[in-house]
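Asker: Encoded as structure tokens, here's the structure I'll be asking about.
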Amino acid sequence: MIIPVRCFTCGKPLGHLYAVFKKRVLAGEHPGRVLDELGVVRYCCRRTLMAHVEWIDDLLVYERRG
């Protein structure tokens, strides 16, 4: 799905942090430490970033029939 632009609960802007978060976690850093360093301290915001799953590449494989 589309990267969350804002936290679903509190509305804090998060879209600008997702690329940095993903890059650092894939490089092997601990997700909690990355979120702390990015200033994401609320549980709701942390959940929004950590639970996001990118499905768009998987969905583009399927053909829509009309």
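Residue numbering: from 1, along the chain as shown.
Cβ atoms are placed via backbone N, Cα and C, with glycine included.
OK, Swiss-Prot features for this one:
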- Cys7, Cys10, Cys44, Cys45: Zn(2+) binding site (BINDING)
Asker: Taking the Cβ of each of the binding-site residues and counting other Cβ atoms inside 10 Å, which one has the highest number: Cys7, Cys10, Cys45?
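Answerer: Top count of Cβ atoms within 10 Å goes to Cys45.
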Asker: Going by DSSP, is Cys10 (Zn(2+) binding site) sitting in a helix, a strand, or coil?
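Answerer: SS state of Cys10 (Zn(2+) binding site) = coil.
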Asker: When you average the Cβ positions of Cys7, Cys10, Cys44, Cys45 for the Zn(2+) site, which other residues in that chain have a Cβ within 8 Å of that mean position?
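Answerer: Neighbours found: Arg6, Phe8, Thr9, Gly11, Lys12, Leu14, Arg42, Tyr43, Arg46, Arg47, Thr48.
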